[in-house]
Every structure is written in C-alpha cells, then in structure tokens.
Amino acid sequence: MQKKDQFDNLEKHTQWGIDFVEKYSKFVKERSEIEVNYARQIRNLSRKFQPKKSSKEEEENKYSSCRAFLLTLNELNDYAGQHEVVAENLTAQIIAELTKYTQELKSERKSHFQDGRKAQQHIENSWKQLESCKRRFERDCKEAERAQQYFEKLDADINVTKLDVEKARQQAQMRQQMASESKEEYSNYLQKFNQEQNQHYYTTIPNIFQRIQDMEEKRIERLAECMRRFADEDRKILPIVGHCLDGMTKAAESIEAKADSKQVVEQFKSGFEPPSDVEFEDYGQTMKRTVSETSLSNSRGESKPEKPGRSKGKLWPFIKKNKVAQTPPPPPAPSSSSCSHTPSPSAVPNDPQSPRQSKEPLTHRLNDLMSSKSKMHCFRSLKRGVSACDFSHLPPEQRRKKLQAKIDELNKEIHKEMDQRDALTKMKDVYIKNPQMGDPASLDPRLGEIAQNIDRLQTEAQNTHTHTHTHTSLTTTHAPGRGAAAIVSVYVCVRLCVLSSPDGSYTEEPSSEPTVKEEDPEFNDDEFDEGLPTIGTCKALYPFEGTNEGTISLVEGELLFVIEEDKGDGWTRVRRNEEEEGYVPTTYVEVVLDNVKGAITYI
C-alpha cells in the first residue's frame, strides 16, 4: 500500500512541525529572559549611581549637571521598565499561548493519525477476508472437479455397483453446490471490497489528509501571528522609550555651565579681602628699620632669650615645618588684647633676640593655613569658650551660610514642636469638655516636655543668631586700607592665635584665649532671608490647574521640590523655581522626603 508510506512521511513531517513550534517557543522564552536580565542590569546601574543619603553627592545635586544626571538615571530606570513590559508581554501573550497551542496540536495530530490507522487497518482486514473467500472458492472448485471426475470414472466402470455410482454422483453434486456457494460468496465480498476500497482511497484517506493539511496550515499561520506579535511588542514600547530618550536629551539641554560656575563661586567665596602691597624693607641702611604691618613674624617688644630648660621652641602658625630648624624661638603668644600685631619700635634687623623674617610671601602662608585640613580640625577641637558648631573654621561667607542653614533648621524644628503643642492643646481642650474621652492631666507631661524642647531650641537659635551677628561684626569692622594686616588682626588672630610644637601637635597658651566683645545680640532675619529649605522631591501624577490663590499648577510627570509636608489638610507646599511656589493636592503627587538634615536649600 502506497498510502501507508505517505502516512509515515506525514507523521514525520507533522512531528517536525510540533518540534519547530516548541523550538520557537523556547527562543521567545530565552528572549524574554534576556529582556528581564537586561532590565535588571539597567535598574542596578541606575540604582548604583543614584546619590547616596547623608553623602556629599546629595549636596552636589544643586548643580544643573548633577540634576541632569539624576534625571537621566530616572529616565533610564523607566527605560528598564519598558524592557520588563516587553518580557511580560512575550511571556503572557506568546509563550503561554504557544505552550497551550502545542498541547492542542499534539492532541489533534494524534487523533488524525489514529483515524488514518483505523482506516488503513480496516482496508487491510477487508483485503485479507477477500483473499480468504477467494482461496475457499478456489478450493471448492478443485474439490468439485475431482468429485465429478471420480463419479465419471465409477460410472464408466462396469464392475462398480450401482450404489457406489450413486454415492459418487451425489458427492459430485454436493461439491458442485459448495463450489457454487463459494463462488457466490466470493463475488459478493469482492464487490463489497471494491466499494470499501473506493471509499478508502477516494473519501476516507483524502479527508484525513485534508484535516492534517489544515492542521499544518493552521500551525504555520499561528506561528506567523506569533512572529508578528513578537515584533509588535517591541514596537509598542518605542514611543515610551523615545519619551525616555527625549527626557535624557532635555536633561542634558537643561545644564547651565554659567549657573553651576556661579554656584561654585558662591559656595567657596571666602569673604576675605586681597592683601595690600608688601612694603619695601631697606636692609642697606644702618638705622633701625620699622617692621611692616604685613610681616607675620613681627613681635611685640623685645624678644626674650630661649629658656635653658627648653630644647625646642614653638612655631608660629603660618611658618612651615621645614623651616623649624632655621627659626629661633618666637616671643610668647600675644594675649587677646594684643592681637593687632602692631610693629615693635625696638625691632632691630641685626638684633639676635628678634625672630628672623620669613622669605615666604604672605599669600602663600595664608593659603597653606586655609588648605591644611588637619590644622583646621585641630583648631576646631580647641575649647575657646565658643560653641563647637559656630563653624569658626570656615571662611566668613561660608560661615554665614552655614549659620543661616542652622538657623533655618532650628526654626523648622521649633515650628514642628509648636504644631505638636497646638495639637495636644486642642486635644486637652476636648478632654476637658468631654471627660469621658480621656484625662486632660495625662497630656501635661508631654506638653511640659514640648515646652522644654521649644525653650532649648529657641535658646540655641538665639545663640546662633549671636554667632552670626558677631561674625558679621568681625568681618565688616576692619579698615579697608590695612589689607592683609587687617585680615590677620581681625579674623586670624581671633580664631587661630595658637602655637604649634615641632611634632605637629598644637598647644595653647593661657594668655591666648580670645575675648570677643558682642555688641548688639539682635539679629535681623530679613538680612539673610533665604527661603524655606527643600525637604524632598515630588513627581506630579495628574495635571492640576491651581486657579485658587496660594496654589500652583501641575503638569503630569513634572518634578518639583517639597518645602513643607502635608499637615493633615490634604495640601503639600512645593517649589518649582526660586520665584514660584505654592500648595498642591497631596493625592496628585508622589512625595519622596529626604532623611538628611540640611537638604538642598535655595539661597
């Protein structure tokens, strides 16, 4: 049977088709895993370069380039999310569907080939039955012929009795009858077999082949649809990916080099005035020379000889260590009232008791002092009767900013405590009017604690105001014409009038304690009004018009700065830029608060 061979070929081909569908399904699955891994790596990359909390990187976000980089990281995070969407869609719409369809395809294929095998088995059984009828008819014909020949032989023999002849005749007739019946049966079954064979090859088998063909065409069409959907899943995310890339481009275009440079200038502006010209000192004259005001090594009065019991002398604060061996012991450190560095009339160039003049320029010494972090750390650690958080180690302008930031932080904490006090006061009034709701006396300890906290914070704020006022007086009372000498006498002598030992440690003379006279303790808040500090960021979830007074409009996806939390009334105070701020509905934004004190502040 040739059709049997076709069934074998079809069975092999359809099995290959199922294997191909499983192969493509495996391909899509691995592609989905690649998308997931890629998205995870992109997210990890974005998270890795996010600014850390309580770190210097968070302070650097005030620069436009840093903010642009942060926006780029956020857009990159959204970009990774789109690849996760691709992976999810591939898994849900292609892999799951192909897995289910493969099972259905296997079941349908099995059913078709079972029908084909049954039809093939039926026609083979009919053929075998036909062969059996044919052989039986042939056998009966041969036996009838032999019986007829035997009868004729007996009938021709005169010696055979008539009874034997009659028996032979009856036997021949019986065989003839059997042969006739076998012929009739063979003829009928042959006709039946031909009909079944015609039905098998022209109806049954073609129908089975057609169903198998339809199954294969459906499999191919289904596979083509999955391939189109595979491409469409990537095409769907292209607009959002393009939006992310546009956001990165917009972030890059928002960088302002001049604004960043201006912020750097404001950040590191010291407030010092440039030193005046160094006066000429004529060593060729024999008369006594007058030490210039700009000399840092001039002494008050005559220098005393070195004491016998001291092998090493103290160093001046501005003299480098590599000049210790060449510098004689200086005079005792000046007291707080003698920090003006007035020239000594008895200072003679050739006097062995006077300290040797340094050859280094004043600006080099001042730069060495201000750049020495270890010395600044030691100066800050000295106990000079001033609060350790007065930022006296910083230049005047930076110190003013730090003090103002601390004032803002203290004011914020005071407002917070006052809000708690007001809330507890209202609750106490409710308890007084409705005793069944609670005991009013139970709130007194907490109210007392809050009152102590407010007093402490107000005292600390007042002290900070005093430091700021004192700092402002110190940095503005020196004469403009004195140049570097005025700077040294007003600022350096007050804060850095200490002596250093050769081993690098710093010692302090009892008489070198500075006493700064505080004039007016009042502080004008409007002089350094820098606005509320930002306490976090928020992203607009929905658009908001903001037509009412005190509100601000929102654009979906816009990033703003939070300057005041929601206090229970459903509104959050935000800032768009230095000039535009207002309230927005809390439910319209996604707020991310900073956990670090001293967050970004607009100055």
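Cβ coordinates are placed from backbone N, Cα and C, and glycine is handled just like the others.
Looking at 4-52, 151-199, 445-493, the range tied to coiled coil in TrEMBL is 151-199. Feature annotation (TrEMBL): of 92-119, 260-287, 372-399, 400-427, the stretch labelled coiled coil is 400-427. In terms of DSSP helix, strand and coil, the domain 'REM-1' (393-470) has 72 helix, 0 strand, 6 coil. With DSSP classes pooled into helix, strand and coil, the tally for the domain 'SH3' (533-594) is 3 helix, 29 strand, 30 coil.
Taken together, the residues of the coiled coil (151-199) have an average pLDDT of 89.
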